[in-house]
Every structure is written in C-alpha cells, then in structure tokens.
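One structure is given below, encoded as structure tokens.
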Amino acid sequence: MMKQILFSGVIGLFLTLVGTPLLIKLLARKGYGQYIRDDGPREHHSKRGTPTMGGIAFILATIIAYFMSKVITGYTPTFSGLLVLGLMAGMGLVGFLDDYIKIVKRRSLGLRAKAKMAGQLIVGIAFAVLALQFADNHGNTPASTRLSFVEDFGWTIGPVLFVIWALFMILAMSNGVNLTDGLDGLATGAATMVFGAYTFIGVWQFQESCANAQTLTNPAACYEVRDPLDLAVVASALMGACFGFLWWNTSPAKIFMGDTGSLALGGALAGLAICSRTELLVALLGGLFVLITMSVVIQVGSFRLTGKRVFRMAPLQHHFELKGWSEVLVVVRFWIIQGMCVIVGLGLFYAGWAAKK
C-alpha cells in the first residue's frame, strides 16, 4: 500500500522537473508574461514578462501522478482523494481565468472581485456538499460536521454551518497562499513543506485507523478518517510536484505559478485539512500563510482606522525587502519560519495521539 505514496511523489517530481520547461517555452512563445505593479519594490520590475500560470504544471503533474500510482499498484481511487483533487483543479481553474484576463488586458488585476469570489464560492460549496456524502462501511464520510484540531472534538456544527466553515477555510487558505506568492519560490517551498506534513499525517492516521482497532496497541487513540492513506497519496503527489516546480520557480524564477497555482495549492491544503480532520491544525502547519495574511489585515485595518501603516508595505515579505533584505534572504528566512511551524504542528499532532495512551 505504501508504494502508492512513493510512486505518486516520485512521478509528481519527475513530471514537473521535465514538464515545466516545456510549459515555459509554450507560455513565452504566446507572450503570456507576468504584469508587475509599478508601486512594488524596484527589484521586481526586472521580472516583468516572466511566464506565469505555471500552476498548470503542478496541477496536471499531481493529477497524473495520483492516477499513475493507482495504475501501477492496482489500487482504486477513493472519494476523499478525488474530492481534494477536484477542489484543487476547480480553484486552479478560477485562478487560470484570473491570470488569463491579466495577460490579455495587460494589467495587474484580472477577474473582477465579485466574479472571482463567485467562482471560489461555487467550487467551495460543491466540495463541501459532496464531502458530506459517500459514507464508507464504517459510516465515515470524507468530511465531518464536527470541528477538528488534531482530530474531531465534541462540537458538532451541522451541515449548513459546516458548508460555511469549509468555505471560510478554502477562501482563507487559497488567498493566504496567493498573498505569499510574491517572491521567487516562497509559496512553492512553503507549500512543499506542508504537503510533506500531510503525507506523514495520512500515513499515521492509516496505521492508527479505527478500522484496524483490534490490531492496535492503543485503540483508544484511533482515528475515524475516511481514506487516510489515499490522502497521503494526494499529499505526496503535491509535495513531489511542488518540489520539482521549485527548481524552475526559485530565484531567479523562470516561471511564476500565478493565481492558477496559488489558488489551487490553497484549495488542496484546505481540502486535506478538512478530510484529515485537522481543520484548526492547518493554521499552524501553514503558519507562514496565516502570518502573511494577518500582515495584510493589520495593514489595511490600521490605515482605515488611524490613517497610518504598520508595515512599509504589505504583504509582510515586501516590508522586509523595503528594509534592505535581499529577496533570497527573505525567502530563506521565511522558509525557516515555515519549517518551524511544520515541526511544531506535527509535534502537536503526535502529542494529541500520545495523550490518549
């Protein structure tokens, strides 16, 4: 069973390493380059015209890697895995439309705010509704109407509030990754770490599944998660695909993921969190995305209330650029912060299991 995880990760890595330069040539030939805002850091002006919509590469690589791992190992796809992939692809489609309009109209704003929000809501609602269907033999659906941290806890919120909660998570994570994607490799590297964490979480939940309670040494701490191993397969495919894409996306970037990629990655993170019953834990596992999002909230709130800005520029990474930090220095230090968030998050995940011994 574990071979699926290995195959999906390796195939995802290979496909983006080999496929991304082909996409770069195609986008460059069509003139699909990034528009750079004039009010941003001066160093970014040299990036104008760099091919964007690179998220196409790792979206396709992830989907192909997932299904190839199934063909090679003989296992069938699960509803949980397909739902996460569908959420990723749907959010990626919204981002693609946004990127395409930016390129065609040669402006930094693509879809109108209402249209972009409507697209994300349609995809998010479809995911949330379907995630409460398809119960397995143990009665577990891909998602649960109970809130979760390292697993479900006692608060049942019902299907309507769950849909609202799921929408909040999807929008928050998607736009969090989108805001983080402002420096070469920053969002890609950070996302790779979080998907690595979810690969581990999926494997651990599979090994400690309540479906195998009779063979567990600590059955009281088992996990009621549908298809945990398949969630690990999806996470591994995403980790490998992002890692391969990082080769081309790191400074100086040969391609940007665009909203196509950032919305897709955020959707995948939210989907994995919801289906693995780690909805609140993802705020720590993806701590860098939360931190950068909060910097924008603080900046906007402060300016509207007091007329003053807290940071030289938001999102946070640009504040440090304007303080004189090089782009690479900001990226590496923010990666370190993200790595620490993942370590602490996984530590809490394990502690939640160990506390039930």
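Glycine is no exception: its Cβ is also placed from the backbone N, Cα and C atoms.
Feature annotation from Swiss-Prot assigns transmembrane segment to 4-24 (among others). Here the transmembrane segment (4-24) has long-range neighbours at 51, 54, 56-58, 60-62, 64-66, 68-70, 72-73, 75, 199, 203, 229-230, 232-234, 236-245, 247-248, 254-255, meaning same-chain residues at least 6 beyond its ends whose C-beta is under 8 angstroms from one of its own.
The transmembrane segment annotation in Swiss-Prot covers 52-72 (among others) and is backed by sequence analysis.
Under 8 Å from some Cβ of the transmembrane segment (77-97) lie the Cβ atoms of residues 53, 55-56, 59, 62-63, 66-67, 70, 110-111, 116, 119-120, 122-124, 126-127, 130-131, 133-134, 142, 170, 174, 178, 226-227, 230-231, 233-234, 238, 258-268, 270-272, 275, all in the same chain and six or more residues away from its ends. Annotation comment: Swiss-Prot describes 77-97 (among others) as transmembrane segment.
The transmembrane segment annotation in Swiss-Prot covers 115-135 (among others). Proximity of distant same-chain residues to the transmembrane segment (115-135), defined by a Cβ-Cβ separation under 8 Å and at least 6 residues beyond the stretch ends, is recorded for 79, 83, 86-87, 90-91, 93-94, 97-98, 141-143, 145, 159, 162-163, 166-167, 170-171, 174, 226, 263, 267, 271, 274-275.
Per Swiss-Prot, transmembrane segment is recorded for 153-173 (among others), and the stated evidence type is sequence analysis.
What Swiss-Prot records for 186-206 (among others) is transmembrane segment, and it gives sequence analysis as the kind of evidence.
The transmembrane segment annotation in Swiss-Prot covers 228-248 (among others) and rests on sequence analysis.
Residues or ranges marked as transmembrane segment by Swiss-Prot: 255-275 (among others).
Annotated transmembrane segment per Swiss-Prot: 280-300 (among others), in sequence order. Among residues of the same chain six or more beyond the transmembrane segment (280-300), those with a C-beta under 8 A of the stretch's C-beta atoms are 147-150, 169, 172-173, 175-177, 179-180, 190, 194, 197-198, 266, 269-270, 272-273, 309-311, 314-317, 319, 334, 337-338, 340-342, 344-346, 348-349.
Under the heading transmembrane segment, Swiss-Prot lists 334-354 (among others).
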Handout entry: Beyond the flanks of the transmembrane segment (186-206) by at least 6 residues, Cβ under 8 Å
Key = 1-2, 5, 9, 177, 180, 223, 225, 228-233, 235-236, 238-239, 242-243, 245-246, 249-250, 257, 261-262, 265, 268-269, 272, 276, 278, 282, 285-286, 288-289, 317, 330-331, 334-335, 338-339, 342, 345-346, 349-350, 353
